[in-house]
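What Swiss-Prot annotates here:
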- His184: active site, proton donor/acceptor (ACT_SITE)
- Asp26: Mg(2+) 1 binding site (BINDING)
- Asp26, Glu28, His184, Asp189: Mg(2+) 2 binding site (BINDING)
- 23-197: domain 'Exonuclease' (DOMAIN)
- Phe32: site 'Important for substrate binding and specificity' (SITE)
- Phe80: site 'Important for substrate binding and specificity' (SITE)
- Phe127: site 'Important for substrate binding and specificity' (SITE)
- Phe149: site 'Important for substrate binding and specificity' (SITE)
Amino acid sequence: MSDSQEIPYHNQLKNRFRGYFPVIIDVETAGFDAKKDALLELAAITLKMDENGYLHPDQKCHFHIKPFEGANINPESLKFNGIDIHNPLRGAVSELDAITGLFQMVRRGQKDADCQRSIIVAHNAAFDQSFVMAAAERTGVKRNPFHPFGMFDTASLAGLMFGQTVLVKACQAAKIPFDGKQAHSALYDTERTAKLFCYMVNHLKDLGGFPHIASELEQEKTTEKETAL
């Protein structure tokens, strides 16, 4: 169907999250302080909704990033994520290039989905959001598409749905393959988180959750139209 008007109200992405366009994000860093510690890797995946109302991963971007000038580098963090910031094969770009590329991809997806604003989806989302927002502020990139503080945290959602808050455990509960050797790669973790978020949203739909809510909204819209006639 090319005409979105032919697709049921609740099967359109713009109506699923109150006009928000969800974007899966994962970052790898040189510490925990978004203002002082270096952002070293960033990956993002947008989502799309099919005509039956199911979410799927869509576009992706991935950047290795050079530490900003004066950034703090915590050796323990590098040991944890295995990043060698001096390896020329990283192909690292500046924060400016990474944030610009991210925002461009997100704004295109947001426009195509007819959404009003984008929202970060991440595992322990406050951490990832803080680094994205700090980098956006440092670089001065305009037209930030993301809500300044709203977010969807898959750790909280997985805790509610599966009783699991660790990404690998939540993926296992959802029967999503997870290779521990690839963990702490921003792109791999983003891909797993995207699959996890889609699974949880789609599973709720299959259980009769969101369609029930949307049906009430559709009924209200129909009633309003009939009243206006």
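Going from the start of the chain as shown, residues are counted 1 onward.
Backbone N, Cα and C define each Cβ position, glycine as well.
Structure with Swiss-Prot features highlighted.
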| residue | record | contacts (Cβ under 8 Å, 6+ apart) |
| --- | --- | --- |
| Asp26 | Mg(2+) 1 binding site | Leu42, Ala43, Ala122, His123, Asp128, Ala186, Leu187, Asp189, Thr190, Thr193 |
| Glu28 | Mg(2+) 2 binding site | Leu40, Glu41, Leu42, Asn81, Ile83, His184, Ser185, Ala186 |
| Phe32 | site 'Important for substrate binding and specificity' | Ser77, Phe127 |
| Phe80 | site 'Important for substrate binding and specificity' | His184 |
| Phe149 | site 'Important for substrate binding and specificity' | Gln129 |
Review point. Which are the residues of the chain, Asp26, Glu28, His184, Asp189 excluded, whose CB is within 8 A of where the CB atoms of the Mg(2+) 2 site average out, their centroid?
Key: Val27, Glu41, Ala43, Asn81, Ala183, Ser185, Ala186, Leu187, Tyr188, Thr190
